[in-house]
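Per TrEMBL, signal peptide is recorded for 1-23. Positions annotated as domain 'Nodulin-like' by TrEMBL: 8-252. Annotation comment: TrEMBL describes 51-72, 79-99, 105-125, 146-167, 173-193, 214-233, 239-259, 317-339, 345-365, 386-405, 436-460, 480-506 (among others) as transmembrane segment. Annotation source TrEMBL lists domain 'NFD4 C-terminal' at 312-514.
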């Protein structure tokens, strides 16, 4: 890191690295069997641990409050990362000690609480990185959120490659790595994760953000090829696996080469362009300008930043929350039950493993493309981002129907559609939140909206998918056949269409706001 200055580009690269190590919650399948065997859990107990994992990874209100704390008008993203590092250690270390037998077998609820804390660390890493990126690039927020969320989506596949390279067959050691790696990276890189003044112009932003995007796409393509190759060749020699890891590190390291090039080409590295400086309170010159929807209800004045309670008093908040409950909830319910779906349809263990691994690739593509595409059409045609939420929910509905059909190959096709749309919503939702409710309390508000994911997942996974599966099972045995999940995925398809209608309503309400405020502001950048 020697020679790197604290710039927006260094902050972006450092945040991307932290995101790549932050997705420990996506790797639960790697060590779940070891945890189950060592603690004597039955499937119900393991499902409870998985629920606490999902709860911790999706409820980020505390991280949002900490990110919004700005004494003297200055953010403290390093403090958010530090809190995340502490939680990674506090959560995963006791689980590692329990699995290795170094401590007496703890109660199941204590394991659940440790998993909650460990997964909760992910919200702190994610909030610090996303909020910093948005404030560093407010006019490219869709793109940078897509990049940050995309790297987080790839983190599961990256960490699995680390497992295959160094800990294959040793899940307990992998748990220790989940405690140490993200914590260490956060401590090393948190100096660079900072809101920095702008010293360059919009076209300059696009040039290097496109370079970051290209590396992310190359990384996703490389991981997809590796995952497919590993599904065909289960016994890969250690030398080849190590070579795979080296190429992976080279791709990630190239992010810092972009930083160095951006610094070298910066025309005024030591001058602050005051009129383009990132402001925590938005563009105050338009403070009195109000944009209203077609229904006559007020949205956010240009430059106004709402607190969490103020945002929750707006109907737009609840429309976004409901749409995300339908989309994120059904997507999370799908990934949580994908192994059981494979078993019911007669897929082999190798096919199941490949499908689970490829989910992170589709997730990344959705996160990345939604941010980039929504930015493009917002700038070019003034198409509001809630409209893209509605579109993704329609495609997600088709994906659920495809899985429900149970025909040959339907699970592969359906998982691609659902995975990409699920990832897209994780990119679009923070962008919409920052635009409609402002940047001052952005971290708090978008993490509150994110609670829609476990809320929707609990209703759809436990009350719909689980209930229907048990109903279709015979005498408590495992259900076999396409009927096991057909009804539940048909219901989730209908839920997504309802969510799409809600998103269309939000798009209709906010269309004038996007045209008069967001689009007008982008045209001046």
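Just so it is clear, glycine is given a Cβ too, placed from its N, Cα and C backbone atoms.
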Contact set, same chain, for the transmembrane segment (146-167): CB under 8 Å, 6 or more residues outside the stretch: 12, 15-16, 19-24, 26-27, 30, 122, 126, 129-130, 133, 173-174, 177-178, 181, 209, 212-213, 216, 219-220, 223, 226-227, 230, 236, 241-242, 244-245, 248, 357, 360-361, 363-364, 366-372, 423, 426-427, 430
Contact check, the transmembrane segment (105-125) vs the transmembrane segment (214-233), 3+ Cβ pairs under 8 Å, seq sep 6+: no
Distal contacts, the transmembrane segment (79-99) - CB-CB under 8 A, six or more residues away: 18, 22, 24, 31, 34-35, 38-39, 63, 66-67, 69, 105-106, 110-111, 114-125, 127-128, 171-172, 175-176, 178-180, 182-184, 186-187, 189-190, 193
Close approaches to the transmembrane segment (51-72) from elsewhere in its chain (Cβ under 8 angstroms; 6 or more beyond its ends): 25, 28, 79-80, 83-84, 112-113, 115-124, 126-128, 131, 280, 308, 332, 336, 440-448, 450-451, 453-454, 457-458
Per-region confidence, the domain 'Nodulin-like' (8-252) (mean pLDDT, whole number): 88
